[in-house]
Structures are given as C-alpha cells and as structure tokens.
Amino acid sequence: MSKEKIALFTIFGGTGDLAQRKLYPSLFKLYQKGYLQDHFAVIGTARRPWTDEHYHEIITDSLASLDADAEKVKAFASHFYYQSHDVTDAQHYVTLKRLSETLDAQYGLQGNRIFYLAMAPNFFGTIAQHLKSENILTNNGFNRVIIEKPFGHDFESAKVLNDELTATFDENQVYRIDHYLGKEMIQNISAIRFGNNIWEFLWNNRYISNVQITLSEKLGVEERAVYYDNSGALRDMVQNHILQILSLLTMDQPVEFTENDINIEKVKALRSLRPYTPAEVADNFVRGQYAADGDIKDYRSEDKISPDSNTDTFVAGKVMIDNFRWSGVPFYVRTGKRLADKFTRIDVVFKRPIVNIFNHDNNASDSTNELAPNVLTINVEPTEGFELRMNAKCVGQGFATTPIQLDYDHDSEATANSPEAYERLLHDALNGDATNFTHWQEVAYSWKFVDVIQKYWDEHTPDFPNYRPGTMGPAASDELLKRDGNEWVYKE
Ligand SMILES: NC(=O)C1=CN([C@@H]2O[C@H](COP(=O)(O)OP(=O)(O)OC[C@H]3O[C@@H](n4cnc5c(N)ncnc54)[C@H](OP(=O)(O)O)[C@@H]3O)[C@@H](O)[C@H]2O)C=CC1
Ligand SMILES: O=C1O[C@H](COP(=O)(O)O)[C@@H](O)[C@H](O)[C@H]1O
C-alpha cells in the first residue's frame, strides 16, 4: 500500500519565521520520505506582495541547510503557490477558494484540506469564520486546522479562542500544536512507563520521593521579544510544555494506547492538580528575571523589552497532584532563559530503602553509610536517553556501597535521522492522529492552574533582576526543595 498522503495545505502566515524555519523544511522531509508525492499542494498566504517565483526562492532558501538534491528541491517547490492578502479582508477568501479548487482538481487532492494558522492568535477567529462563511471547507474530504501557540493568555481568553474555532471546526478537527509532544523522548515516556513492569509498579507515592522536570535554555528571548515580554516563562513554558509532560508522567494507564483513551487519562491527571491559594503561590512558586553579566545585557535592557518589565524569565515551582497515586509527592518544575545550558531532562527520584542494613557498626570503617536514592533520568535533549542511578558494592575488600550509573543513549545516527518535532506532528495531522496534540480540556485545566499563580504575581511587585546568566536561576529555587529535604538532581 502506498504511504502517500493527499492534501492541500493552506499556510496562513506563509512569509513568517515559523513557516520558513520549521514548516517548509518539515514538509520537504515528508516529501523526501515519500509521505508527500505528486498529490499535494501548498498555498502560502500573507500580506506581502510576493509572486510564485519569489515564493519558490524562499522555499528553496529555507531548505538550504538540508543539503538536498537541487532537482528534488525544485520539484518540491513547484507545488507551492503564493496568494497575497490580508486575512481580515473577506475578498481574500473568494480568491483563496478559487485557487484551492483549481489546485484540488490539478493535483487530485480529493477535497483533503489542512489549514495551518502560523499567525498571531488574534487572527484565528476571523480566519475560521471566513473559511466557513466563504465555503472553503470541503464536503468530500477532510478539513483540519492546525493552531500554533500561544492558545490564549489565560483561561478566559483561551475559551473565547476555542469558542471561535469550534464555531467552524469540531474538536476532532482542531490540532493544537505543542512541539514538545513531537519530541522523541517525550513520546518515550509512555513506552517506558507502560512497557516495563519494573516501573509501573513503582510509579506511585509509595516508592517515588519527588519528580523534577527541567526545561533549561541558554539563550535569551532573541527575535521573539515582543511576544515574550507579554508572556513570561510561566505562560510560555509551564502552562503548555511542562504541564503536558507532567500529565504524561502522572496519568493512569490508558485502556488502549489511542488518542481518546490517552486524552481521558491526561485530563484526569490535570484535573487533579492542586489549585493554590494566593498565600500558597508565594510559598510554592518562585519567579526570576536575569541580570547583566559581562557582554550579556540584563533582560530589561534587551531590544524591544520594556525597561521596567516585571516579566518572569525564570520560574520554579512545586506542583502537587491530589489523587490516590500521587498524594504527597512533590513535582518540582523549572524553566528559564539565560540559564547554565540548553537541555531538557526529567528526574524521577525514588525513596531510599526503609532500612539501611549496611549502615552497621561492623562496617563503619569502610562503609559509605548513606544509600543514595535511586534516580531514573529521562534525557530529552540534547542527549536522548536514560540514566539510572543505583547503589552497588565498591569493588574490593570490605563492604562499602557506592552510587553507580547505568546509561543508555539513543544511537547518534538514528537520532540524527529521526524526524524533528514539526515533521512528526505534520505527519500525524495528515494521518488524522491528534494523540500528540493538546485537546481543549487539557488546555483549560492547565490555564486554570496557571492563572492563580499569574494573578498573584501580577498583584505583587517582584524584586528583579534576581539571577545571574549562566546559573540555574535564583537561590530561592534551591530553597524551594531544601525546605522539603530535597535538592535538584541537576546542579550547574
Ligand atoms: N517562530 C517560532 O519559532 C514560533 C512561533 N509560534 C507561533 O506561531 C505564530 C507565527 O509566528 P512567527 O512565524 O514567528 O511570526 P511572524 O511575525 O514571523 O509571522 C507572522 C505572519 O503573519 C502574517 N500576517 C500578519 N498580519 C497579517 C494579516 N493581517 N493578514 C495576513 N497575514 C498577516 C505575516 O506576513 P505579512 O507581514 O507579509 O502579512 C507573517 O507571515 C505565532 O502565533 C507564534 O506565537 C509558536 C512557536 C514558535
Ligand atoms: O515554545 C517555546 O519553546 C522554545 C524552546 O523549545 P525547544 O524545543 O528549543 O526546547 C522556547 O525558546 C520558546 O520561548 C517557547 O515559546
């Protein structure tokens, strides 16, 4: 059976950064692998008055780093069509409908349409409304809309956005991108949890002491300063990526490994997040903003950032889940800009043995006395793999114990050839599989949890800046764990 997928992609924001850096290279990779062949076409739209020829040059440039065969690139680019218009102008959609129908007939696209909204979310409602009113949706194929983040600014704005979208599309036609869900090792969480008896039986509050999720970035806000200054680390990374990872780590076993069953369990996990009172926010969440250091400017002096900005560029928090499995287990999360390094990791810290039989007088001379906790680390990026810290006997005479580490990394060649997140997610959307996209109820519960924290922060002026670039954030982040007798597994 052919693996070819058939569809017309309409990319709103076709001249933008996301389209050029992520979408065109990902579509090309699907083309190279044969998922896209002769029966696909792409319409790029934005206000700029580009011609098809210029658009083809842009597509070709966006693939430069892939070092691909020039003929293949040319053939791929020939499937792209540019239409200049403002999405708020109804006339735009008349032309768009005509072009869509022409391309559908020309490429044999069977009425299959994917609308990719690579634009600011305030345009989503008007685009969805016009797609319906101007009859651009088809009856003979599928119609799917892919939405970029941010999905709202808080629960209320997310709900308005969702209502606008679902006035045109059913929930099962909406694909909300969270690119972390397209990452190899995030998808691996379910494999190791539900594919190995040794973990699932220990995966609860009887055996796990705490769990740590770290999404650390070395760079600052770069070219997305305007968006970031209105968002901050809590909204930018915790509401979506971190809570999605947390839901995959904590959900109960789905009845089957299907989109619907996984969604049911993720929603239950997110519903069980303990909502904080304002006083509890102060105790359990820490925010930070980076200072200057050497050549690095402080956040408030960055280009396009307000000089009195109170935006958080760092957040650390303790999240509790009030259900039978997780009651009493702290989930420590942290993320930030200008930290020590660029990496993503999850550390699952197990409880120590109840009795340490090695901590006995007879062994005192050469015993380490202490047994370190077992730690399972899931390295998401840049290394992809697992580490397991255990206690073992020191080699030689006597009976001292020492921590040892078992390491597994994915083969670097396999990792290099493995699809990038956007490629995976576009492939899933072509297949009609929204397992690795966020569903509305997940978004809603995540915002409700985050809104309380953000509201408290908005009402209290922080003492910024409070951390040095190249560190792992303010000291209060370490104190958050120390208070519970814990510490971050990863220290700079
Ligand atoms: N860039 C990234 O890495 C990421 C981006 N995102 C999200 O993706 C979306 C797009 O981001 P990004 O590509 O960076 O943004 P850009 O600012 O680079 O692109 C915005 C696009 O919208 C078009 N546009 C703006 N106004 C109109 C209008 N009235 N009618 C038609 N087209 C219009 C612009 O083209 P023109 O000016 O020609 O009209 C441009 O193509 C945003 O929601 C962002 O938050 C999410 C994660 C990562
Ligand atoms: O969604 C976002 O993610 C990036 C980090 O993604 P990664 O895949 O490089 O880890 C972050 O820089 C950006 O601020 C945020 O919007």
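Cβ from N, Cα, C; glycine included.
Curation plays no part in TrEMBL annotations; they are all automatic predictions.
The active site, proton acceptor annotation in TrEMBL covers His241. For Arg47, Asp86, Val87, Lys149, the entry in TrEMBL reads NADP(+) binding site. Look at TrEMBL and you will find His179, Lys183, Glu217, Asp236, Lys337, Lys342 tagged as substrate binding site. If you look up TrEMBL, you'll see 11-188 marked as domain 'Glucose-6-phosphate dehydrogenase NAD-binding'. Per TrEMBL, domain 'Glucose-6-phosphate dehydrogenase C-terminal' is recorded for 191-488.
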Residue from Asp86, Lys149, His179, Lys183, Lys337 whose C-alpha is spatially nearest that of the residue listed as 'active site, proton acceptor', among the binding-site residues: His179
Listed binding-site residues (Arg47, Lys337, Lys342), ranked by Cβ neighbours within 10 Å, top entry: Lys337
Listed recorded positions with Cβ under 6 Å from ligand 1, out of Arg47, Asp86, Lys149, His241, Lys337, Lys342: Arg47, Asp86, Lys149
Binding-site residues close to ligand 2 - of Arg47, Asp86, Lys183, Lys342, only those whose C-beta is under 6 Å away: none
Alpha-carbon spacing, Glu217 (substrate binding site) to Arg47 (NADP(+) binding site), which is rounded to whole Å: 33
Other CB atoms, at most 10 A from the CB of His241 (active site, proton acceptor): 23
Asp86 (NADP(+) binding site): tally of other CB atoms within 10 A of its CB: 12
Cα distance (Å, whole number) from Lys149 (NADP(+) binding site) to Lys337 (substrate binding site): 18
